[in-house]
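A.B. asks: After the structure tokens below, expect a handful of questions from me.
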């Protein structure tokens, strides 16, 4: 491939936009634009979209996306997987007043976790290298690579060359596969749970909300995936801080000692605060992981600071004001 790239670069100009040339083996007289290589049997096609799982390189040749995903890419996929999980859990929490016993509520929580785990596992297994828990992908350098349809080159200001394909393979398409499998899992597992265990004992609003929310998340991904890819750590930070403050504000203004006792003796408080702390840690790790600075992991020490600050400033604040604004 390297010899082919060097040879092609000396006789052909680079393709425009995200277009690339595909390596052809054999006689393709109608599609071949370059001369044959020294081997005499390999040629390059005209400029056009690369195949699924390929992207253009610096020489405008379509190369296979066989580079292992970077840690930041995996954290983005984890963020995408956590969104429906946390959202569906929130739907169950809102419908708690319709639940007769905690047993039914816990059973639906477990069902939601199982649905998302199944969707994540299947989505990862069907992408190359297939049937492994590893993913290969293309290198990414710019937000424009998430929107190739907006950068199709125009020839003579009249003709548009269509070079739309998944430049950021597999981060764009795997999300749609995950959401599609998730809808199937919800329809099968949640329906089975309702028919077998929760028949006439539980409200179906979390089920319908989950079914509607997944397509909405898919539409948001289709439009804002590039923006979310570069900003999701900050979304996590802001979202987890807001959730923590809002949850603690529900307790109102209490003495510090009483507030600590209520939090320490309430499983709901402990679980919710643990989740927000994990999300806050996740956001901090996603920010510092790509940085090449000494002692970067020491920034994790700031994770408990917002909680400590809130508890220390309760005597000087009025949480009920937050509730009225919400």
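Note that Cβ sites are derived from N, Cα and C of the backbone, with glycine treated the same way.
As listed in Swiss-Prot for this protein:
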{"type": "CARBOHYD", "residues": "27", "note": "N-linked glycosylation site"}
{"type": "TOPO_DOM", "residues": "1-71", "note": "topological domain 'Lumenal'"}
{"type": "TOPO_DOM", "residues": "93-108", "note": "topological domain 'Cytoplasmic'"}
{"type": "TOPO_DOM", "residues": "130-166", "note": "topological domain 'Lumenal'"}
{"type": "TOPO_DOM", "residues": "188-208", "note": "topological domain 'Cytoplasmic'"}
{"type": "TOPO_DOM", "residues": "251-269", "note": "topological domain 'Cytoplasmic'"}
{"type": "TOPO_DOM", "residues": "291-296", "note": "topological domain 'Lumenal'"}
{"type": "TOPO_DOM", "residues": "318-326", "note": "topological domain 'Cytoplasmic'"}
{"type": "TRANSMEM", "residues": "72-92", "note": "transmembrane segment"}
{"type": "TRANSMEM", "residues": "109-129", "note": "transmembrane segment"}
{"type": "TRANSMEM", "residues": "167-187", "note": "transmembrane segment"}
{"type": "TRANSMEM", "residues": "209-229", "note": "transmembrane segment"}
{"type": "TRANSMEM", "residues": "230-250", "note": "transmembrane segment"}
{"type": "TRANSMEM", "residues": "270-290", "note": "transmembrane segment"}
{"type": "TRANSMEM", "residues": "297-317", "note": "transmembrane segment"}
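Tell me about the setting of these features in this model.
C.D. replies: Residue counts for the topological domain 'Lumenal' (130-166) by DSSP state, with H, G and I taken as helix and E and B as strand, are 8 helix, 6 strand, 23 coil.
Under DSSP, the residues of the topological domain 'Lumenal' (291-296) split into helix, strand and coil as follows: 1 helix, 0 strand, 5 coil.
Panel annotation: around the transmembrane segment (72-92), residues 105, 108-109, 112-113, 115-116, 119-120, 135, 137, 140, 171, 174-175, 178-179, 182, 205-206, 209-210, 213-214, 217, 221, 228-229, 232-233, 235-236, 275, 279, 282, 285-286, 289-290 of the same chain, lying at least six beyond its termini, place a Cβ under 8 Å from a Cβ of the stretch.
Here the transmembrane segment (109-129) has long-range neighbours at 53, 66, 81, 84-85, 88-89, 92, 135-136, 170, 174, 177-179, 181-182, 185-186, 189-190, 193, 210, meaning same-chain residues at least 6 beyond its ends whose C-beta is under 8 angstroms from one of its own.
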A.B. asks: Could you please provide the mean pLDDT value for the topological domain 'Lumenal' (291-296)?
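C.D. replies: Across the topological domain 'Lumenal' (291-296), the average pLDDT comes out at 85.
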A.B. asks: Counting Cβ pairs closer than 8 Å, which of 167-187, 209-229, 297-317 has the most of them with the transmembrane segment (270-290)?
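C.D. replies: That would be 297-317.
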A.B. asks: Sort the residues of the topological domain 'Cytoplasmic' (251-269) into helix, strand and coil with DSSP and give the three counts.
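C.D. replies: Reading the DSSP string over the topological domain 'Cytoplasmic' (251-269) gives 12 helix, 0 strand, 7 coil.
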